[in-house]
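Below: the structure, in structure tokens.
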Amino acid sequence: MKIAVLFSGKGSNLGALISSPVRPNIELCLTDNPNALGIINARSHNLPVFIANYEEYVNKSEFEKTVLNELRRRAINYVVLAGFMRILSADFISQYSNRIINIHPSLLPSYTGLNTHERVIKNGNRIHGVTIHFVTPQVDTGPIIAQGAIRVQPNDTPESLQERIHKLEHLMYPKVMSWIIKGQIYVNAQGKVVPPFCTGFIMED
């Protein structure tokens, strides 16, 4: 199975996948940001990197056309979003239906979108977490594969919470990808994840 990892920044989840004992066959590392630090990490492991600088395209459609052409050229089977800060169109998603995976820093359906750590602290939540899900045209609402949780400490800041959430992400993403590679997780004809999603990732401090 050939995997493409899409990222926009540091690519820390890309690093977690690279370091995994069950390392997926990463055929392509693609970024929309020519200054993304994840490029250095990918190249240091001799992984192919494709830079599609979003600012150089006249519109989103042309950008996505370039990305899809590269995915097809490399016969990519699964697309893994790892801090990729672009919302993919319905047309793009339809080309890889139930084969695009995203990781989101909250316990969905709570806290879709950005700035999840700040909102969790502001609202006084005791629990925060991570969701891995299949991507659908409706942002952050696709079928859930796995969730993990941590306790929010009284002295947590958005930065400290983000750091601990990253540790949980780095534990979860490689494990979930190993399930997908082995065919243990998929979406059935009714749009449901088989088997039902796992909530077994809990990181205590």
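Sequential numbering from 1, following the chain as shown.
Note that Cβ sites are derived from N, Cα and C of the backbone, with glycine treated the same way.
TrEMBL: automatically predicted annotations, no manual curation.
On a predicted model such as this, the values are computed, not experimentally measured, just so you know.
For 1-176, the entry in TrEMBL reads domain 'Formyl transferase N-terminal'.
Ser12 (N(1)-(5-phospho-beta-D-ribosyl)glycinamide binding site) counts 18 other C-beta atoms within 10 Å of its own C-beta, drawing on all protein chains shown. According to TrEMBL, the N(1)-(5-phospho-beta-D-ribosyl)glycinamide binding site annotation covers Gly11, Ser12, Asn13.
Annotation note: Leu88 ((6R)-10-formyltetrahydrofolate binding site) sits in a coil segment as assigned by DSSP. Neighbours of Leu88 ((6R)-10-formyltetrahydrofolate binding site), defined as other CB atoms within 10 A of its CB across all chains, total 23. Taken from TrEMBL, the feature (6R)-10-formyltetrahydrofolate binding site covers Lys60, Met85, Arg86, Ile87, Leu88, Asn102.
Reduced to three states, the DSSP call for His104 (active site, proton donor) is strand. TrEMBL lists His104 with the feature active site, proton donor.
Taken from TrEMBL, the feature site 'Raises pKa of active site His' covers Asp140. Within 10 Å of the C-beta atom of Asp140 (site 'Raises pKa of active site His') sit 18 other C-beta atoms, taking all shown protein chains into account.
Here the candidates are the recorded positions Ser12, His104, Asp140. The one whose C-alpha lies nearest to that of Leu88 ((6R)-10-formyltetrahydrofolate binding site) is Asp140. Counting other CB atoms no more than 10 Å from each candidate's CB, the binding-site residues Met85, Ile87 peak at Met85.
Under the three-state DSSP scheme, Asp140 (site 'Raises pKa of active site His') falls in the coil class.
Taking Met85, Arg86, Ile87, His104, Asp140 as the recorded positions under consideration, the smallest Cα distance to Asn13 (N(1)-(5-phospho-beta-D-ribosyl)glycinamide binding site) is found for His104. Other C-beta atoms found within 10 angstroms of the C-beta of Arg86 ((6R)-10-formyltetrahydrofolate binding site) number 17, with every protein chain shown included. The Cβ neighbour count for His104 (active site, proton donor), using a 10 Å radius and every protein chain shown, is 22.
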